[in-house]
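Engineer: Let me begin by handing over the structure; questions about it come next.
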C-alpha cells in the first residue's frame, strides 16, 4: 500500500530523526520491559514463598469478647467461664484440621503433673529454706497434637535431640522431656516413668505410667535465681492431648479435652475466609474464638521483593505515561514540521485516515525495532537494577528486623510475650526471566504508546485544510 | 445523482468567497458573484492584477476550498456533494506556484505516489512517470534524485509531470511558467495546449504572462473579485 511505501521512504530519507525516535522508544520500552520483568520475577518469588511457608492461622479464646457477649457463666473467684457447649475442644479442632485449605495443624491442651519418685522436678537453683514450694511445685504439661508444629519447634528455639516427638498417630502413654529434666532424672528414650495427675485440690492425684518417647532441648535458660518449678523451662513436658487431659483437673468429654489455642497452617494466606466459614459451621463463635492469620513469615520472605515489584510497577506506569507524553510532543512537533507534506498529499486527494496511518506505521516501525533492541537490554537492566533495588529493600528489612528484635528483647525483659513465629530470611535473589507473556505485554504497551502518541496529536491532521497550508506556506 | 456528460466539465454559479478579517465580525470578499462555464478540450487563462483573487478562484475550482455562497459544479454535480477530497482525487489536479513536491521523495516517486493516490492503475505507472518526466526535460539521472537536489526549474517540471500523470479531467496550473526560462516555458505551454486539445482535458492556467494568455483558447479577466471575458 502506498502509505507503507511512503512511510518507509520517509523513515529512510530522514534517518537521523528515525534513529532519534527509535532511541527514545528503546529507552521507554527497555524501562517498561524491565519493570514487567521485575514484576513477574517478584510474582514468581511470591508464589514460591506461598508454597514454601504458607500461613499460620491461630484459633484462640478471647475472654474479653466472651465477657462482652454476656454468655459467660459466673465462675466465682476465677471470674467468667465459657458455656460448656461453646468451648473449644480437641474434637472440633480435629474436624477443622481436616479442611482442604489446611496443610497441617496442632493444638495445645494445657495441664499439669505432679512429681513421683522416678520423675523428680528439675531445679536449677534449690529453694531457699523458708520458701513455700507447694503452690508451684509441679510439671507444666502441654498436650500437643503435633509437636513439630508448635511455635518453639517451628522457630527452632526447641529441638528434638533424641527419640521421637509427638504426632497425630502417637499413643497416649508417652512423654517428651526437656534434656535438663531427663539428665536430672538420668532418663533416656524408652525408659518408663510415672507422673501423678494434678487434681488442683491439694490431693496427690492418680499415678500414671508413661514411656519417654523423646528428649528435646530448649534455648530458654533457667533462671539463675530460685523460681517455682512450674516456671522453669526444664519442667515443661509434652504429652499427647488425651494424656494431658487425663492428667488435668478437668475430665475430658466425648468431644475431647478443652484446648486454649489451635494453629492451622494454610496452603495460602488468602484461604483464611474459607477456614473461618468452616469454623463457624462447627459452632465456634467467631467473636469468642477469632481466627487470625499470622502471615508474618510470608511477609518477611516476600516483603522486600514486593516493595521492589511495587516500585517496578510504578516505574512502568510513570515511564509509560511519560513516554506517551514525550512521544506525543515529538509526533505533534513532527506533524507541524510536516504540514506542507500533509497539505500536498491532501491536495492530491489522499484520505486523511491514511495520512494518519502513514504516521502510525512510521512510529510503529520505530517501536518494533526498539522493542527488539529492548529485549536483551531490559534483561540486563532488570537484573542489575532489580538486584540493586532488592538489596536496598533487604537491607532495610534487616534493619527493621534488628530494631524489632531489640524491642522484643526489651518487651520480654518487661514480661511481655515473645513473638513465637519463626523468623524468615527475605528473598534476596531476583530470578529475571523473559517469557512470552512479558514480551506480549511490552509489545502491546510499546505499540499502545505508539498509537496514543500518534492519535492524540493526529486530530490536527483530520482538521487540516490543504488550501491554507499550500497557499500560506509553512 | 450521476454526472451529466452534457453539462460543463466545471461550472461556477454565482460564487462568492469571503474570508473573516482579524476581528471576525467583518469579512473581506475576494470573489463576487462569479459565474463561468469551463469546457473540456479547451485551455483557459485567468489573468488579473495581484490580489484580484486568482489563486482563490483556482482553489475553489480545484476543490481545495469551498465557496462562501453559490456553487461549483463538476459535470452538473455540486463539489460539496461529490466531496472535495474525492473531487481532487478523481477529477482535478493542480500545479502549484510553489511546486509543492514532497521533499524526501525522488522526482519519479513524487509522480508515481500521486498516481497511486489518484488511482491510476498499477501497471505502467513507472513507465508513464518516466515518459512524462522525459517529455518535460528531466534527464534520466535526475529522475531518481530527491526533490531538494533539483533546481527550481526542474522542480516546476516535476510538478507539472505529477499533475499530468494523474489522468484527471481538469488540470489547474498556478503560474506554471513563472520559474522557467523562455524555452522551457514555451515547451510547457505547448504541453498544456496538447493536454487540452489532444487529450480533451480542460486546462485552467492562472498567469501573468501575456504569452501564456495568448496561447490559451479563452482569457478570463479577474478584477476586484469579478470575472469577465475578454
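Keep in mind that glycine also has a Cβ here, set from the backbone N, Cα and C atoms.
TrEMBL entries are annotated by machine, without manual review.
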Engineer: When TrEMBL marks a stretch as region 'Disordered', which of A:367-394, A:395-422 is it?
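Structural biologist: Going through A:367-394, A:395-422 one by one, TrEMBL flags A:395-422 as region 'Disordered'.
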Engineer: Write down the single range among A:292-313, A:314-335 that appears in TrEMBL as transmembrane segment.
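Structural biologist: That would be A:314-335, the stretch labelled transmembrane segment in TrEMBL.
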Engineer: Which of these ranges is annotated transmembrane segment in TrEMBL: A:271-291, A:355-375?
Structural biologist: A:355-375
Engineer: Six or more residues beyond either end and a Cβ under 8 Å away: which residues meet both conditions relative to the transmembrane segment (A:442-462)?
Structural biologist: 25, 28-29, 32-33, 36, 316, 320, 323-324, 327-332, 335-336, 342, 352, 355-356, 359-360, 363-364, 366-368, 370-371, 374, 378
Engineer: Please give the average pLDDT for the domain 'ABC3 transporter permease C-terminal' (A:316-465) in this predicted model.
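Structural biologist: Average per-residue pLDDT within the domain 'ABC3 transporter permease C-terminal' (A:316-465): 75.
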